[in-house]
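Visitor: This is the structure, below, for whatever I ask next.
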Ligand SMILES: *[C@@H]1O[C@H](CO)[C@@H](O)[C@H](O)[C@H]1NC(C)=O
Ligand SMILES: *[C@@H]1O[C@H](CO)[C@@H](O)[C@H](O)[C@H]1NC(C)=O
(Lines of atoms letter the chains of each structure in order from A and count residues from 1; the text may use other names and numbers.)
(Lines give C-alpha, C1' and ligand atoms only; values in the text may rest on other atoms or scores of the structure.)
(Ligands and ions follow the chains in the order given, each with its own letter.)
Protein backbone atom coordinates (compact mmCIF):
# COMPACT_ATOMS: atom_id res chain seq x y z
CA UNK A 1 0.00 0.00 0.00
CA UNK A 2 2.63 2.49 1.17
CA UNK A 3 5.14 1.54 -1.51
CA UNK A 4 2.48 1.79 -4.24
CA UNK A 5 1.49 5.29 -3.28
CA UNK A 6 5.13 6.25 -2.88
CA UNK A 7 5.85 4.92 -6.35
CA UNK A 8 2.88 6.82 -7.73
CA UNK A 9 4.15 9.94 -6.02
CA UNK A 10 7.68 9.52 -7.39
CA UNK A 11 6.35 8.99 -10.91
CA UNK A 12 4.11 12.03 -10.51
CA UNK A 13 6.99 14.17 -9.26
CA UNK A 14 9.25 13.04 -12.09
CA UNK A 15 6.58 13.69 -14.70
CA UNK A 16 5.98 17.15 -13.27
CA UNK A 17 9.70 17.88 -13.26
CA UNK A 18 10.12 16.69 -16.83
CA UNK A 19 7.12 18.69 -17.96
CA UNK A 20 8.22 21.90 -16.30
CA UNK A 21 11.73 21.45 -17.72
CA UNK A 22 10.39 21.74 -21.27
CA UNK A 23 7.31 23.83 -20.90
CA UNK A 24 7.20 27.58 -21.29
CA UNK A 25 4.87 29.26 -18.79
CA UNK A 26 2.65 32.28 -19.43
CA UNK A 27 5.10 34.41 -17.48
CA UNK A 28 7.98 33.24 -19.65
CA UNK A 29 5.96 34.13 -22.74
CA UNK A 30 5.34 37.68 -21.51
CA UNK A 31 8.74 38.88 -22.67
CA UNK A 32 8.47 37.15 -26.06
CA UNK A 33 7.73 38.73 -29.37
CA UNK A 34 5.95 36.52 -31.90
CA UNK A 35 6.25 36.37 -35.68
CA UNK A 36 3.20 34.71 -37.24
CA UNK A 37 3.98 32.33 -40.08
CA UNK A 38 1.40 31.07 -42.55
CA UNK A 39 3.43 27.97 -43.32
CA UNK A 40 2.35 27.37 -46.93
CA UNK A 41 3.25 30.94 -47.89
CA UNK A 42 6.43 31.62 -45.93
CA UNK A 43 9.32 29.77 -47.58
CA UNK A 44 9.78 26.80 -49.89
CA UNK A 45 12.42 24.16 -49.29
CA UNK A 46 13.85 24.62 -52.80
CA UNK A 47 13.93 28.41 -52.48
CA UNK A 48 12.51 28.74 -55.99
CA UNK A 49 10.22 31.72 -55.80
CA UNK A 50 7.41 29.89 -57.55
CA UNK A 51 4.51 32.15 -58.55
CA UNK A 52 1.58 31.95 -56.16
CA UNK A 53 -1.57 33.61 -57.49
CA UNK A 54 -2.89 36.18 -54.98
CA UNK A 55 -5.96 34.69 -53.35
CA UNK A 56 -5.12 31.16 -54.49
CA UNK A 57 -6.78 28.45 -52.40
CA UNK A 58 -4.28 25.62 -52.58
CA UNK A 59 -0.66 24.78 -51.87
CA UNK A 60 2.09 27.16 -52.98
CA UNK A 61 4.81 25.04 -51.43
CA UNK A 62 5.96 26.52 -48.12
CA UNK A 63 7.48 23.99 -45.72
CA UNK A 64 8.88 23.57 -42.22
CA UNK A 65 12.32 23.16 -43.72
CA UNK A 66 11.77 26.42 -45.56
CA UNK A 67 11.13 28.11 -42.20
CA UNK A 68 14.26 26.57 -40.68
CA UNK A 69 16.30 27.98 -43.58
CA UNK A 70 14.93 31.47 -43.05
CA UNK A 71 15.24 31.89 -39.29
CA UNK A 72 17.89 34.60 -39.75
CA UNK A 73 15.30 36.75 -41.50
CA UNK A 74 12.94 36.41 -38.50
CA UNK A 75 15.52 36.68 -35.76
CA UNK A 76 17.08 39.62 -37.61
CA UNK A 77 13.95 41.62 -36.76
CA UNK A 78 14.32 40.72 -33.09
CA UNK A 79 11.56 38.13 -32.78
CA UNK A 80 11.98 35.51 -30.06
CA UNK A 81 9.14 33.16 -31.05
CA UNK A 82 7.24 31.99 -34.11
CA UNK A 83 3.64 30.85 -34.48
CA UNK A 84 3.15 28.41 -37.34
CA UNK A 85 0.00 27.12 -39.10
CA UNK A 86 -1.62 23.93 -37.77
CA UNK A 87 0.68 20.97 -38.35
CA UNK A 88 -1.69 18.00 -38.10
CA UNK A 89 -2.95 15.85 -40.97
CA UNK A 90 -5.75 17.48 -42.95
CA UNK A 91 -8.36 16.58 -45.57
CA UNK A 92 -7.10 15.68 -49.07
CA UNK A 93 -8.85 18.70 -50.63
CA UNK A 94 -5.94 21.14 -51.03
CA UNK A 95 -8.28 24.16 -51.00
CA UNK A 96 -8.98 23.37 -47.34
CA UNK A 97 -5.71 21.76 -46.33
CA UNK A 98 -3.27 24.52 -47.34
CA UNK A 99 -4.16 26.55 -44.25
CA UNK A 100 -4.39 23.52 -41.98
CA UNK A 101 -7.69 24.16 -40.20
CA UNK A 102 -9.43 20.98 -41.52
CA UNK A 103 -7.88 18.18 -39.48
CA UNK A 104 -8.63 14.52 -40.01
CA UNK A 105 -5.96 12.99 -37.77
CA UNK A 106 -4.43 14.68 -34.73
CA UNK A 107 -1.70 12.04 -34.58
CA UNK A 108 -0.59 12.53 -38.19
CA UNK A 109 1.11 15.49 -39.87
CA UNK A 110 0.25 17.63 -42.89
CA UNK A 111 2.75 16.02 -45.27
CA UNK A 112 2.65 19.03 -47.62
CA UNK A 113 4.66 20.89 -44.97
CA UNK A 114 7.23 18.13 -44.52
CA UNK A 115 8.03 15.15 -42.31
CA UNK A 116 8.10 14.66 -38.55
CA UNK A 117 11.89 14.96 -38.87
CA UNK A 118 11.53 18.37 -40.54
CA UNK A 119 9.23 19.65 -37.80
CA UNK A 120 11.58 18.39 -35.08
CA UNK A 121 14.52 19.96 -36.88
CA UNK A 122 12.67 23.29 -36.88
CA UNK A 123 12.00 22.97 -33.13
CA UNK A 124 15.66 22.18 -32.55
CA UNK A 125 16.89 25.07 -34.68
CA UNK A 126 14.62 27.43 -32.72
CA UNK A 127 15.84 26.04 -29.41
CA UNK A 128 19.46 26.59 -30.37
CA UNK A 129 18.64 30.26 -31.03
CA UNK A 130 16.74 30.60 -27.75
CA UNK A 131 13.47 31.03 -29.64
CA UNK A 132 10.06 29.53 -28.84
CA UNK A 133 7.77 27.47 -31.06
CA UNK A 134 4.03 28.16 -30.95
CA UNK A 135 1.82 25.79 -32.91
CA UNK A 136 -1.73 26.50 -34.03
CA UNK A 137 -4.31 23.94 -32.86
CA UNK A 138 -8.04 23.47 -33.33
CA UNK A 139 -10.33 21.72 -30.83
CA UNK A 140 -13.68 23.00 -32.11
CA UNK A 141 -13.85 21.05 -35.34
CA UNK A 142 -12.31 18.59 -37.74
CA UNK A 143 -12.52 18.61 -41.54
CA UNK A 144 -14.17 16.19 -43.93
CA UNK A 145 -14.12 15.66 -47.70
CA UNK A 146 -17.76 14.98 -48.47
CA UNK A 147 -21.25 15.91 -47.39
CA UNK A 148 -21.96 16.95 -43.80
CA UNK A 149 -24.82 14.46 -43.71
CA UNK A 150 -22.69 11.57 -44.86
CA UNK A 151 -19.54 11.80 -42.73
CA UNK A 152 -17.69 8.52 -42.19
CA UNK A 153 -16.59 9.27 -38.64
CA UNK A 154 -14.38 6.19 -38.51
CA UNK A 155 -11.91 7.98 -40.84
CA UNK A 156 -11.24 10.63 -38.17
CA UNK A 157 -8.65 10.17 -35.42
CA UNK A 158 -8.81 10.04 -32.43
CA UNK A 159 -12.53 10.97 -32.36
CA UNK A 160 -13.94 8.29 -34.60
CA UNK A 161 -17.52 7.85 -33.39
CA UNK A 162 -20.57 9.80 -34.45
CA UNK A 163 -21.32 10.58 -30.78
CA UNK A 164 -18.01 12.47 -30.47
CA UNK A 165 -19.52 15.22 -32.65
CA UNK A 166 -22.47 17.57 -32.43
CA UNK A 167 -24.99 15.69 -34.55
CA UNK A 168 -28.43 15.91 -32.94
CA UNK A 169 -29.30 17.38 -35.31
CA UNK A 170 -26.51 18.73 -37.54
CA UNK A 171 -26.97 22.48 -37.85
CA UNK A 172 -24.92 25.38 -39.24
CA UNK A 173 -24.44 28.61 -37.30
CA UNK A 174 -26.87 31.24 -38.54
CA UNK A 175 -27.31 33.46 -35.52
CA UNK A 176 -24.00 34.53 -34.01
CA UNK A 177 -25.89 36.20 -31.14
CA UNK A 178 -27.08 32.79 -30.01
CA UNK A 179 -24.22 31.34 -27.96
CA UNK A 180 -25.67 27.78 -27.88
CA UNK A 181 -25.73 27.84 -31.68
CA UNK A 182 -22.19 29.26 -31.82
CA UNK A 183 -21.01 26.38 -29.63
CA UNK A 184 -23.05 23.45 -30.91
CA UNK A 185 -23.76 24.13 -34.58
CA UNK A 186 -21.09 23.75 -37.25
CA UNK A 187 -19.08 26.41 -39.02
CA UNK A 188 -18.54 25.74 -42.73
CA UNK A 189 -21.43 24.41 -44.78
CA UNK A 190 -23.04 21.16 -45.91
CA UNK A 191 -20.69 20.65 -48.87
CA UNK A 192 -17.42 21.57 -47.10
CA UNK A 193 -18.19 20.53 -43.55
CA UNK A 194 -16.15 21.06 -40.42
CA UNK A 195 -17.57 18.35 -38.12
CA UNK A 196 -18.12 20.09 -34.80
CA UNK A 197 -16.57 18.20 -31.90
CA UNK A 198 -18.77 17.47 -28.87
CA UNK A 199 -16.28 18.81 -26.35
CA UNK A 200 -18.56 17.98 -23.40
CA UNK A 201 -18.24 14.26 -24.12
CA UNK A 202 -15.95 12.68 -21.49
CA UNK A 203 -14.13 10.57 -24.09
CA UNK A 204 -13.44 13.69 -26.12
CA UNK A 205 -12.12 15.65 -23.16
CA UNK A 206 -9.84 12.77 -22.21
CA UNK A 207 -8.85 12.32 -25.84
CA UNK A 208 -7.67 15.92 -26.14
CA UNK A 209 -5.73 15.69 -22.87
CA UNK A 210 -4.04 12.46 -23.95
CA UNK A 211 -3.20 13.93 -27.35
CA UNK A 212 -1.68 17.11 -25.85
CA UNK A 213 0.43 15.14 -23.40
CA UNK A 214 1.93 13.32 -26.38
CA UNK A 215 1.97 16.13 -28.94
CA UNK A 216 3.64 18.93 -26.93
CA UNK A 217 6.78 17.00 -25.89
CA UNK A 218 6.90 15.03 -29.17
CA UNK A 219 7.55 18.20 -31.19
CA UNK A 220 9.10 20.31 -28.38
CA UNK A 221 6.30 22.85 -28.52
CA UNK A 222 6.51 25.89 -26.22
CA UNK A 223 3.06 27.37 -26.69
CA UNK A 224 -0.24 26.96 -28.48
CA UNK A 225 -2.28 29.33 -30.61
CA UNK A 226 -5.82 28.07 -30.12
CA UNK A 227 -8.39 28.47 -32.89
CA UNK A 228 -12.14 29.26 -32.63
CA UNK A 229 -12.24 29.51 -28.83
CA UNK A 230 -15.71 31.09 -28.65
CA UNK A 231 -17.14 28.10 -30.54
CA UNK A 232 -16.46 25.78 -27.60
CA UNK A 233 -18.11 25.93 -24.17
CA UNK A 234 -15.90 27.74 -21.67
CA UNK A 235 -15.47 24.89 -19.12
CA UNK A 236 -13.61 22.85 -21.75
CA UNK A 237 -10.70 25.30 -22.00
CA UNK A 238 -9.08 24.99 -18.56
CA UNK A 239 -8.89 21.23 -19.13
CA UNK A 240 -7.24 21.75 -22.50
CA UNK A 241 -4.93 24.55 -21.32
CA UNK A 242 -3.86 22.55 -18.26
CA UNK A 243 -3.18 19.34 -20.20
CA UNK A 244 -0.99 21.22 -22.68
CA UNK A 245 1.19 22.50 -19.84
CA UNK A 246 2.27 25.46 -22.00
CA UNK A 247 0.98 29.00 -22.60
CA UNK A 248 -2.24 29.06 -24.62
CA UNK A 249 -3.11 32.09 -26.76
CA UNK A 250 -6.67 31.83 -28.01
CA UNK A 251 -8.75 33.34 -30.78
CA UNK A 252 -11.99 34.91 -29.59
CA UNK A 253 -13.01 36.83 -32.68
CA UNK A 254 -15.20 39.49 -31.13
CA UNK A 255 -14.94 43.23 -30.59
CA UNK A 256 -17.25 43.36 -27.57
CA UNK A 257 -15.12 43.69 -24.43
CA UNK A 258 -17.88 42.39 -22.10
CA UNK A 259 -18.17 39.27 -24.23
CA UNK A 260 -14.44 38.91 -24.86
CA UNK A 261 -12.70 39.38 -21.50
CA UNK A 262 -14.43 36.59 -19.52
CA UNK A 263 -12.73 34.04 -21.81
CA UNK A 264 -9.43 34.97 -20.18
CA UNK A 265 -10.73 33.37 -16.99
CA UNK A 266 -10.51 30.04 -18.87
CA UNK A 267 -7.33 30.43 -20.95
CA UNK A 268 -3.93 32.09 -20.35
CA UNK A 269 -4.15 34.61 -23.14
CA UNK A 270 -6.31 35.81 -26.04
CA UNK A 271 -5.64 37.80 -29.17
CA UNK A 272 -6.79 41.31 -28.26
CA UNK A 273 -9.49 41.52 -30.93
CA UNK A 274 -11.42 44.40 -29.31
CA UNK A 275 -8.24 46.50 -29.48
CA UNK A 276 -7.49 45.25 -33.01
CA UNK A 277 -10.79 46.67 -34.29
CA UNK A 278 -10.20 50.03 -32.57
CA UNK A 279 -6.60 50.52 -33.69
CA UNK A 280 -7.46 49.53 -37.26
CA UNK A 281 -10.22 52.14 -37.35
CA UNK A 282 -8.19 54.85 -35.67
CA UNK A 283 -4.84 54.47 -37.42
CA UNK A 284 -6.23 53.81 -40.91
CA UNK A 285 -8.23 57.03 -41.07
CA UNK A 286 -6.88 60.52 -40.25
CA UNK A 287 -10.46 61.74 -39.86
CA UNK A 288 -11.17 59.24 -37.06
CA UNK A 289 -10.75 60.40 -33.47
CA UNK A 290 -9.17 58.59 -30.57
CA UNK A 291 -12.13 58.47 -28.15
CA UNK A 292 -13.22 54.90 -28.89
CA UNK A 293 -9.70 53.53 -28.67
CA UNK A 294 -8.99 55.37 -25.41
CA UNK A 295 -12.22 54.01 -23.92
CA UNK A 296 -11.41 50.47 -25.11
CA UNK A 297 -7.95 50.60 -23.53
CA UNK A 298 -9.50 51.49 -20.16
CA UNK A 299 -12.25 48.88 -20.45
CA UNK A 300 -9.83 46.12 -21.43
CA UNK A 301 -7.62 46.91 -18.43
CA UNK A 302 -10.55 46.77 -16.04
CA UNK A 303 -12.49 43.86 -17.57
CA UNK A 304 -9.77 41.41 -18.67
CA UNK A 305 -7.90 39.30 -16.15
CA UNK A 306 -4.46 40.40 -17.37
CA UNK A 307 -3.94 42.52 -20.49
CA UNK A 308 -0.20 41.89 -20.38
CA UNK A 309 -0.83 38.23 -21.27
CA UNK A 310 -2.99 39.03 -24.28
CA UNK A 311 -1.69 38.88 -27.84
CA UNK A 312 -1.29 42.37 -29.33
CA UNK A 313 -1.72 42.29 -33.12
CA UNK A 314 -2.74 44.44 -36.05
CA UNK A 315 -2.76 41.86 -38.86
CA UNK A 316 -3.38 38.15 -39.22
CA UNK A 317 -4.32 35.62 -41.90
CA UNK A 318 -8.08 36.23 -41.48
CA UNK A 319 -8.34 40.01 -41.71
CA UNK A 320 -7.58 42.47 -44.52
CA UNK A 321 -4.09 43.83 -44.10
CA UNK A 322 -3.60 47.33 -42.69
CA UNK A 323 -2.12 48.54 -46.00
CA UNK A 324 -5.32 47.44 -47.70
CA UNK A 325 -7.00 50.37 -45.91
CA UNK A 326 -4.25 52.93 -46.40
CA UNK A 327 -0.85 53.04 -48.06
CA UNK A 328 0.34 55.82 -45.75
CA UNK A 329 3.73 54.83 -44.30
CA UNK A 330 3.48 57.04 -41.22
CA UNK A 331 0.18 55.38 -40.30
CA UNK A 332 1.74 51.94 -40.94
CA UNK A 333 4.51 52.84 -38.49
CA UNK A 334 2.05 54.12 -35.89
CA UNK A 335 0.00 50.94 -35.84
CA UNK A 336 3.14 48.79 -35.62
CA UNK A 337 4.45 50.93 -32.74
CA UNK A 338 1.13 50.53 -30.94
CA UNK A 339 1.08 46.77 -31.58
CA UNK A 340 4.56 46.24 -30.23
CA UNK A 341 4.73 48.60 -27.26
CA UNK A 342 1.18 48.52 -25.87
CA UNK A 343 0.08 45.83 -23.40
CA UNK A 344 0.41 42.23 -24.43
CA UNK A 345 2.76 39.93 -26.27
CA UNK A 346 3.31 41.48 -29.72
CA UNK A 347 2.42 39.38 -32.75
CA UNK A 348 3.42 40.51 -36.24
CA UNK A 349 2.00 38.59 -39.21
CA UNK A 350 4.45 37.68 -41.98
CA UNK A 351 4.32 40.32 -44.71
CA UNK A 352 3.38 43.24 -42.45
CA UNK A 353 7.10 44.08 -42.39
CA UNK A 354 7.02 44.18 -46.21
CA UNK A 355 3.92 46.41 -46.28
CA UNK A 356 1.82 43.76 -48.04
CA UNK A 357 -1.68 45.01 -48.80
CA UNK A 358 -3.94 42.02 -49.53
CA UNK A 359 -7.62 42.10 -48.66
CA UNK A 360 -9.35 39.68 -46.28
CA UNK A 361 -8.93 35.87 -46.47
CA UNK A 362 -7.70 34.53 -48.91
CA UNK A 363 -5.98 37.67 -50.30
CA UNK A 364 -4.07 38.30 -47.07
CA UNK A 365 -2.06 35.10 -47.55
CA UNK A 366 0.45 36.39 -50.11
CA UNK A 367 3.61 34.34 -50.61
CA UNK A 368 6.35 36.10 -48.65
CA UNK A 369 8.97 35.10 -51.21
CA UNK A 370 7.65 37.78 -53.60
CA UNK A 371 9.42 40.26 -51.26
CA UNK A 372 12.77 38.48 -51.70
CA UNK A 373 12.91 38.60 -47.89
CA UNK A 374 14.10 42.19 -48.14
CA UNK A 375 15.88 43.11 -44.92
CA UNK A 376 16.31 46.71 -46.06
CA UNK A 377 12.60 47.46 -46.33
CA UNK A 378 11.41 50.40 -44.18
CA UNK A 379 9.00 48.36 -42.06
CA UNK A 380 11.40 45.43 -41.60
CA UNK A 381 13.71 47.96 -39.98
CA UNK A 382 10.95 49.66 -38.05
CA UNK A 383 9.81 46.34 -36.55
CA UNK A 384 13.42 45.67 -35.63
CA UNK A 385 13.61 49.02 -33.82
CA UNK A 386 10.37 48.34 -31.93
CA UNK A 387 11.55 44.90 -30.82
CA UNK A 388 14.82 46.45 -29.64
CA UNK A 389 13.02 49.19 -27.70
CA UNK A 390 10.68 46.71 -26.08
CA UNK A 391 13.44 44.38 -25.06
CA UNK A 392 15.58 47.26 -23.72
CA UNK A 393 12.53 48.44 -21.75
CA UNK A 394 11.92 45.14 -19.99
CA UNK A 395 15.61 44.45 -19.49
CA UNK A 396 16.18 47.80 -17.76
CA UNK A 397 12.90 47.93 -15.85
CA UNK A 398 11.65 44.89 -13.98
CA UNK A 399 8.15 46.32 -13.72
CA UNK A 400 7.68 46.87 -17.47
CA UNK A 401 6.29 43.50 -18.58
CA UNK A 402 3.52 43.17 -16.02
CA UNK A 403 2.80 46.92 -15.99
CA UNK A 404 -0.70 47.73 -17.22
CA UNK A 405 -0.51 50.57 -19.68
CA UNK A 406 -2.11 53.90 -18.95
CA UNK A 407 -3.08 56.63 -21.38
CA UNK A 408 -1.31 59.71 -20.02
CA UNK A 409 -2.46 62.03 -22.79
CA UNK A 410 -4.97 61.95 -25.59
CA UNK A 411 -6.60 64.41 -27.91
CA UNK A 412 -8.51 63.75 -31.10
CA UNK A 413 -5.52 62.41 -33.02
CA UNK A 414 -2.80 61.69 -30.49
CA UNK A 415 -2.53 59.03 -27.81
CA UNK A 416 0.39 58.75 -25.38
CA UNK A 417 0.82 55.49 -23.52
CA UNK A 418 2.98 54.91 -20.51
CA UNK A 419 4.50 51.64 -19.34
CA UNK A 420 6.64 51.51 -16.23
CA UNK A 421 7.68 53.51 -13.16
CA UNK A 422 8.14 57.28 -13.44
CA UNK A 423 11.94 57.13 -13.54
CA UNK A 424 12.29 54.10 -15.85
CA UNK A 425 9.20 54.15 -18.03
CA UNK A 426 8.73 54.01 -21.77
CA UNK A 427 6.36 56.57 -23.29
CA UNK A 428 4.88 55.85 -26.70
CA UNK A 429 3.23 58.73 -28.55
CA UNK A 430 1.18 57.58 -31.54
CA UNK A 431 -1.07 59.57 -33.83
CA UNK A 432 -3.27 59.20 -36.90
CA UNK A 433 -2.33 62.47 -38.60
CA UNK A 434 -0.81 60.77 -41.64
CA UNK A 435 2.50 61.32 -43.42
CA UNK A 436 1.35 64.55 -45.07
CA UNK A 437 0.54 66.24 -41.76
CA UNK A 438 2.21 69.49 -40.76
CA UNK A 439 4.79 69.17 -37.99
CA UNK A 440 3.22 69.61 -34.64
CA UNK A 441 4.36 70.66 -31.16
CA UNK A 442 2.56 70.14 -27.93
CA UNK A 443 3.22 70.28 -24.26
CA UNK A 444 1.93 67.17 -22.55
CA UNK A 445 0.96 68.40 -19.09
CA UNK A 446 1.75 65.15 -17.32
CA UNK A 447 3.46 62.52 -19.42
CA UNK A 448 4.19 60.31 -16.41
CA UNK A 449 7.96 60.80 -16.18
CA UNK A 450 9.61 61.99 -12.99
CA UNK A 451 10.01 65.77 -12.98
CA UNK A 452 13.20 67.20 -14.48
CA UNK A 453 14.23 63.83 -15.96
CA UNK A 454 16.22 64.05 -19.19
CA UNK A 455 14.54 61.86 -21.83
CA UNK A 456 15.49 60.90 -25.37
CA UNK A 457 13.11 60.36 -28.26
CA UNK A 458 14.62 57.12 -29.51
CA UNK A 459 13.66 57.34 -33.20
CA UNK A 460 15.00 60.88 -33.78
CA UNK A 461 17.51 61.01 -30.88
CA UNK A 462 16.13 64.39 -29.85
CA UNK A 463 16.75 65.09 -26.14
CA UNK A 464 14.36 66.98 -23.93
CA UNK A 465 13.99 67.67 -20.22
CA UNK A 466 10.76 66.96 -18.41
CA UNK A 467 9.78 70.23 -16.75
CA UNK A 468 9.41 70.81 -13.01
CA UNK A 469 5.70 69.96 -13.09
CA UNK A 470 6.08 66.77 -15.17
CA UNK A 471 5.23 68.38 -18.51
CA UNK A 472 6.90 67.08 -21.66
CA UNK A 473 7.49 69.03 -24.84
CA UNK A 474 6.60 66.64 -27.66
CA UNK A 475 7.23 67.13 -31.38
CA UNK A 476 5.36 65.22 -34.02
CA UNK A 477 7.22 65.22 -37.32
CA UNK A 478 5.53 64.07 -40.55
CA UNK A 479 2.95 62.09 -38.59
CA UNK A 480 5.55 59.68 -37.21
CA UNK A 481 5.20 57.92 -33.85
CA UNK A 482 7.75 58.64 -31.15
CA UNK A 483 9.10 56.83 -28.11
CA UNK A 484 10.51 58.71 -25.12
CA UNK A 485 12.91 57.00 -22.75
CA UNK A 486 15.11 58.11 -19.81
CA UNK A 487 18.54 59.26 -21.00
CA UNK A 488 20.40 57.88 -17.97
CA UNK A 489 19.39 54.32 -18.94
CA UNK A 490 20.93 54.54 -22.41
CA UNK A 491 24.71 54.29 -21.88
CA UNK A 492 25.94 50.96 -23.22
CA UNK A 493 22.81 50.26 -25.25
CA UNK A 494 24.01 51.75 -28.53
CA UNK A 495 20.87 53.89 -28.84
CA UNK A 496 21.48 57.40 -30.14
CA UNK A 497 25.22 57.08 -29.81
CA UNK A 498 25.12 56.12 -26.13
C1 LIG B 1 -22.45 15.55 -26.19
O2 LIG B 1 -22.11 14.39 -25.49
C3 LIG B 1 -22.76 14.28 -24.23
C4 LIG B 1 -22.14 13.07 -23.51
O5 LIG B 1 -22.23 11.93 -24.29
C6 LIG B 1 -24.24 14.16 -24.44
O7 LIG B 1 -24.90 14.04 -23.21
C8 LIG B 1 -24.73 15.41 -25.16
O9 LIG B 1 -26.08 15.30 -25.48
C10 LIG B 1 -23.95 15.65 -26.42
N11 LIG B 1 -24.27 16.99 -26.86
C12 LIG B 1 -24.74 17.27 -28.08
C13 LIG B 1 -25.13 18.69 -28.33
O14 LIG B 1 -24.80 16.46 -28.98
C1 LIG C 1 -7.33 45.38 -51.06
O2 LIG C 1 -7.93 44.12 -51.21
C3 LIG C 1 -8.70 43.94 -52.38
C4 LIG C 1 -9.28 42.57 -52.31
O5 LIG C 1 -8.25 41.64 -52.20
C6 LIG C 1 -7.84 44.15 -53.60
O7 LIG C 1 -8.63 44.03 -54.77
C8 LIG C 1 -7.20 45.52 -53.53
O9 LIG C 1 -6.32 45.69 -54.62
C10 LIG C 1 -6.43 45.67 -52.23
N11 LIG C 1 -5.91 47.01 -52.11
C12 LIG C 1 -4.62 47.27 -52.11
C13 LIG C 1 -4.24 48.69 -51.92
O14 LIG C 1 -3.76 46.42 -52.27
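We number each residue from 1, going along the chain as drawn.
Each Cβ is built from the backbone N, Cα and C atoms, and glycine gets one as well.
Note that this is a predicted model, so its numbers are computed, not measured.
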Visitor: Just to be sure I read the record right: 140, 183, 196 are listed as binding Ca(2+) 1 in TrEMBL. Which of 164, 231 is listed for the same site?
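Guide: For the Ca(2+) 1 site that includes 140, 183, 196, TrEMBL also lists 231.
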Visitor: Residue 141 (substrate binding site): which of the recorded positions 52, 60, 171, 227, 496 is the nearest Cα neighbour?
Guide: 227
Visitor: How far apart, in angstrom, are the most distant Cα atoms among the substrate-binding residues 141, 225, 255, 318, 365?
Guide: 23
Visitor: Which one of these disulfide-bonded residues has the most other Cβ atoms within 10 Å of its own Cβ: 60, 185, 304, 461, 496?
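Guide: Most Cβ neighbours within 10 Å: 304.
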Visitor: Among the recorded positions listed here (52, 185, 225, 255), which has the Cα closest to the Cα of residue 496 (disulfide bond)?
Guide: 225
Visitor: What is the separation, in Å, between the Cα atoms of residue 318 (substrate binding site) and residue 251 (active site, proton donor)?
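Guide: Their Cα atoms are separated by 11 Å.
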Visitor: Measuring CB to CB from residue 52 (disulfide bond), give everything in the same chain under 8 Å that is also at least six residues away in sequence.
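Guide: Those within reach of residue 52 (disulfide bond), by Cβ under 8 Å and sequence separation of 6 or more, are 41, 60, 61, 366, 367, 369, 370.
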